[in-house]
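Asks: Mind having a look at this structure? Questions to follow.
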Amino acid sequence: MKKALWLLLAAVPVVLVACGGSDDDKQTAQVDYLALPGDAKLDTRSVDYKCENGRKFTVQYLNKGDNSLAVVPVSDNSTLVFSNVISASGAKYAAGQYIWWTKGEEATLYGDWKGGEPTDGVACKER
């Protein structure tokens, strides 16, 4: 199933992913068009986060059937679409070198790796 999801993501037409600031310097990620297969209803949810480094941003979660995605602004200039992957605890999403791992109201964004494990994550909390 996960292999099929990765193949799906390679073919998913993400026409526009926009990232913009607001008055309180919070970044917002938004997907304007994303085609996912199946007849299930698309469930979307936006969650605001504030991180230990002071950064504020909004993550958009998209769920449809077996497909779960998170649109995360990983930096001031880059927003990525993450795919849900297997985790022992919480919800774990991957995009390239990045991991977005949530559990309850807490989340961590990892961008560096050592020995096959993510390191130096930035901890964030829902606001």
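Note that the numbers count up from 1, one per residue, in the order the chain is shown.
Glycine too: its Cβ is placed from the backbone N, Cα and C atoms.
Sharing the feature lines straight out of Swiss-Prot:
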DISULFID  C51-C124  disulfide bond
LIPID     C19  N-palmitoyl cysteine
LIPID     C19  S-diacylglycerol cysteine
SIGNAL    1-18  signal peptide
SITE      S89  site 'Directly involved in lysozyme active site inhibition'
SITE      K103  site 'Directly involved in lysozyme active site inhibition'
Asks: Tell me, which recorded positions from C51, K103, C124 are within 10 Å of S89 (site 'Directly involved in lysozyme active site inhibition') if we use the C-alpha atoms?
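Replies: Checking each Cα against S89 (site 'Directly involved in lysozyme active site inhibition'), the hits are K103.
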Asks: Does K103 (site 'Directly involved in lysozyme active site inhibition') have same-chain partners at least 6 apart in sequence with Cβ under 8 Å from its own Cβ, and which are they?
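Replies: Looking at Cβ-Cβ distances below 8 Å from K103 (site 'Directly involved in lysozyme active site inhibition'), excluding near sequence neighbours, one finds S89, G90, A91.
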Asks: Among the recorded positions C51, S89, C124, point out the residue whose Cβ has the most other Cβ atoms within 10 Å, with all shown protein chains included in the count.
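Replies: Its Cβ has the most other Cβ atoms within 10 Å: C124.
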